[in-house]
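To start, the structure itself, in structure tokens.
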Amino acid sequence: MEADWDELSRIPVPPPSPHGLPTAATTIAFDDVSELLWAGNEFGRITSFYGPELQRYTSVRAHPVSDGPVRQILFHERGVISLSPKSVHMITRRGLTQWHISHEEMTDLYCMSLTAQLNKIIVAGCQRAMFTIDIDKGIIVDKLHTDHNYTLMKKSRYLCAATDTGSVNALSLTDFRVVKSWKSHGTAINDMDARNDLLVTCGFSVRHLGSPIVDPLANVYDLKTLSPLPPIPFHAGAAYVRMHPKLSTTSFVASQTGQLQVVDLMNPNAINLRQANVSFMLGIDISPSGEALAINDAECSIHLWGSPSKIHFNEMSKEVEFADVVPRPPPLDWSPDTPLNMIGMPYYRERLLSAWPSHLVFEVGSPPAPIDQSLIPYLRPAEMGHYAPNPKKTRRYQVENTRALTTAEPALIAPKFLSEKAREQNKFKSEASVSDTAEALAGAKLNGEAEDDPLLKYSNVEIKYSRFGVDDFDFRFYNQTTFSGLETHIANSFTNALLQLLKFIPLVRNLALHHAASTCIYETCLLCEMGYLFDMLEKANGQNCQATNLLRTFSSYREASNLGLFEENLTTKSLSSAIQSVNRFFLNQIAHDFRMIVPSSDDLDQRLSTIASESIRCMFCQNEIVRPGNSLANELIYPAIDIKQARRNPAFRFSNILRASIERETQNRGWCNYCRRYQQVTIRKSIHRMPLVLILNAALSNPICRRLWSIPGWLPEEVGIAVDNGQVMCFEGDELKTQLQNKLPNLVVYELVGLVSEIDIPEHQKPHLVSFINVSISSRELEAKNRWHLFNDFLVTEVDKDEALRFNQPWKSPCILAYQAKDARHAVDDSWKNVLDITLLFRDWSLNGGRAVETRQTLTEEEKPTPGTPVALDTEFVDLEKAEIDVKADGSQEIVRPSKSGLARVSVLRGSGVHEGVPFIDDYITIKEPIVDYVTQYSGIKPGDLDPRTSQHNLVPLKVAYKKLWLLLNLGCVFVGHGLASDFRKINIQVPKSQTVDTQYLYFHPGKNRRLSLRYLAWAVFKEYIQEEPADNNQGHDSIEDARMALRLWKKFQEYEDAGIVNQILEEIFREGSKLGFRPPPRNGVATVLSRPGTAVTMQNSSGRNTPSTPDVGGAATATATTSAPATPRQAFRRSIALTPSNGTFGGPGAGDFFGGSPLK
């Protein structure tokens, strides 16, 4: 080892699979033919690395996982030979398999070596048979009996073989008889090497403490005279050794802690020391040239040592083959204006394939059927491919028509749009029409064919979009209950079923809402988002909702992306395993978010956490470590099942499986600090306290266990759990009733709140998730009757308990179960509304340094909103994704997915008081997602306005802006605006109609079938111009101006109501609008203000900006569509004291007597 030797490269050992964790290499070896370093792992995979940079070259699964780890790699001119406990495998250096040999007597192979015949190798191990294998033919040519268990082999003058008792046998290279034997070490030989006439060994011996430790001596033997030589002292413990390939008496000796020693065997005093930067060394190897040294450590890394100027693996290496470089096509000057005839066509003399005659087209075999994704977890490797149990989704002798379309029509046909129903309303008698939803969910096909279809309500549901957008879709077709469903067409919306389940667990719901009402403003707080979602679902009262903000927060977690929990990763894993992984992530993140505000986690632990301790005991030295083993989600562990005894054997009852899963005991390989190596360890959990909410992952990975669930009544509605001195007792059925009568101490009875199931109907191919929930548990009414509901995204319907808990259908599989303590039934806590932390409304919050905002004046404590306080609201949005439109062959267009918008600006104005009309919120929202269009001419948002580095506005995260609106909502404020339904949907907040005043519906004439734009209403009522055509694309709407105009229109409408002239005013507005096309006329310098029919007041115009008017959707469609939108019916409108008209003063910017002074007074 020269003076400039040092570590040149360090690489991690590649994981066994794309999503697996790295594991330490079990063996490493330098190739003696090419510049390659090879490594094997415990999963049977061998990987090669090229050159000093250790670039990955090939990676091959040489042995099945069931065969065990790769224990040795041997090289031949024709290829690379690897050995595992049960097989021998040979590949080319490019990774192509040459042969694979396994034998019934190959049970524990450890080592192999070349023999005197270079085309044969001998393999041996801790077994009574050795095998001679012909490398050229790939067959076993001889089987030899042996009385020794061999663990290492090295070829030199003799075949040196180490036994598992610490001896070394010198075997003849011809007949493999034992020529000489030495007792080299006390217990075992860890490593050895033989070259020319010398053999060096390292091993373990038992000292006075009784446990084996590394010997401080490396033993040396002369193979020429078959006699021992003086050993090499190595006080750090000689664990590994390699002989130098060129210097016959020089060897490398290494310790487990990384100390390297280069020593001359003939002169032990001449040594050279180095220290490798490793925590625990697992092996070394030296290259055939002697210029490189590889080190394998326990931290899953490979280190390469050598001289930077001289390093090479072989003296004469064969050139390593690499894939041919694909030639790049010549660049083309391609633009939208490039004519196609400039591209040109290649010259040809033969007939083109496109001219293939039709009479030569024949149908051959059908394409193979796609692999059922539900079988992936059950696949087992075989010699040829994999096999799995037959799911029996088709009848006997029935095959799949693979020539049919890959996507089947959904069983539940989408309803007609609301606009279509409105047009057809006059064609049919109302008595003859029956509720579409009742027909569909009762089993009648929507095409009129009365045919029972019990799978109808389990079908995939999809939202269809007309030219009027999502508002034209009839969600009530799918849900006529008071419980709201969740929409699809949102990234990661496959979690809808899990979110519904968590919402209906009262203790989880209370936890989320109390946290949302706290001081938390962390941008990525998942618990806050759950609180907002749960509040929205309750306020919606059966109207469809969407989890946009929560799923956006979920999508922002890098940990979730690394775990493959997002929708784009579902192609590689089953939906069932994905939602169970999401469940674990949600619970862990909830606990993390809760502790961010409340460091003491007693409340959380009492509700969700199983308090336990985990003991880890080494099976070799009996050393035991105890550590906390708390868990938020428990996975069911199933025993080995004989299905014939499943009904009679008590061990197969749900309660017993639950008990074994909670206090699980497993055996695994783990690191033992006392033994300083990986050993077999036993892991056992001791339970100290059970939570009030018990969430279980079904973990169905075995079709045999699936049959347990198909037993009627196997899943109980109630289970009892008692913890006594760390032991868990579970009861169900009559046994639970007996224990309740006996008043067993510490017994907690849990009732089933609901479960998430995977639905995989073969006819529809696309699996999805639904939830079955007992909604009575979270009801505020103390009703004793249980009512089960199916939540299939936005399809919600009541089902029988037996249907919810029945799993004897192959298309329905359980995923997640949720139990809650029966004492917490109806424990719905709304006290969070009384402890809302509203300090956010009274202080400035900014991401970009708290820049001064002249457009707003923050609320004071005296202006604290109270129920009924009016506030004017307007928002602006930018486009994050454009709409996805399908253009059909006839030229018609269908919206497949609407555009996705992001909230960019929120303006909220005072609606009453001295500072009426003055903004107290004017926030720009920073957006981390790519923005495809700022729509500046409509939104007024310019590039750079939402960037904290360049923005001149008050920037806040979406969480802060949303929480301000949520606080105003729950304080009882009344929101005044124009077109609020669209704004609320994009903001993702649910505002009850009683807290909404929308001027779009106030100024609506029932007989005119048209909604008026804010721009036209401003001119018609006040003769003012707003939203005028911008001079350039850098101008647009001003949300403060729009909100103030909506507030003024509402105030003026109240005056019309007080005077009793609403109908006359509306007639005049629509009469004038029909003449002008419902657009303000061009400016002429002077206009008249409409005060009452036939009366006019002259005033000067004010400036403003312009956007297109609301389009005339025409017909009865508009009238029908308005019934589902938030509105304020004039007949039912009751004005509180806070909603009284203005006193004629206005203290905001641009003051004027616009809020009063009406001639009507």
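Each residue, glycine too, has its Cβ placed from N, Cα and C.
Marked as repeat 'WD 1' by Swiss-Prot: 20-59. What Swiss-Prot lists as repeat 'WD 2' is 276-315. Sequence annotations record features per position, and here Swiss-Prot assigns region 'Linker' to 316-452. For 871-1049, the entry in Swiss-Prot reads domain 'Exonuclease', with the evidence type sequence analysis. The feature divalent metal cation binding site is assigned by Swiss-Prot to Asp874, Glu876, Asp983, Asp1042, with sequence analysis given as support. Annotated repeat 'WD 4' per Swiss-Prot: 1009-1060, in sequence order, evidence recorded as sequence analysis. Here Swiss-Prot flags 1092-1161 as region 'Disordered'. Swiss-Prot lists 1097-1110 with the feature compositional bias 'Polar residues'. Among the features that Swiss-Prot reports, compositional bias 'Low complexity' is placed at 1116-1129. Residues or ranges marked as compositional bias 'Gly residues' by Swiss-Prot: 1145-1155.
Features as recorded by Swiss-Prot, highlighted on the structure.
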residue : record                             : Cβ within 10 Å
Asp874  : divalent metal cation binding site : 28
Glu876  : divalent metal cation binding site : 26
Asp983  : divalent metal cation binding site : 21
Asp1042 : divalent metal cation binding site : 28
### Task
Provide the three-state DSSP residue tally for the repeat 'WD 1' (20-59): helix first, then strand, then coil.
0 helix, 21 strand, 19 coil
### Query
By DSSP, how many residues in the repeat 'WD 4' (1009-1060) are helix, how many strand, and how many coil?
30 helix, 0 strand, 22 coil
#### Entry: Chain residues in Cβ proximity to the repeat 'WD 1' (20-59) (below 8 Å; excluding those fewer than six residues from its ends, i.e. six or more beyond)
8-9, 11-14, 65, 67-75, 77, 80, 82, 84, 91, 93-95, 282-288, 292, 294, 296-300, 302, 304, 306, 311-314, 317-320
### Query
Helix, strand, coil residue numbers for the repeat 'WD 2' (276-315) per DSSP?
0 helix, 18 strand, 22 coil
### pLDDT averaged over every residue in the repeat 'WD 1' (20-59)
93
### Message
Tell me the coarse DSSP state (helix, strand, coil) of Glu876 (divalent metal cation binding site).
### Response
strand
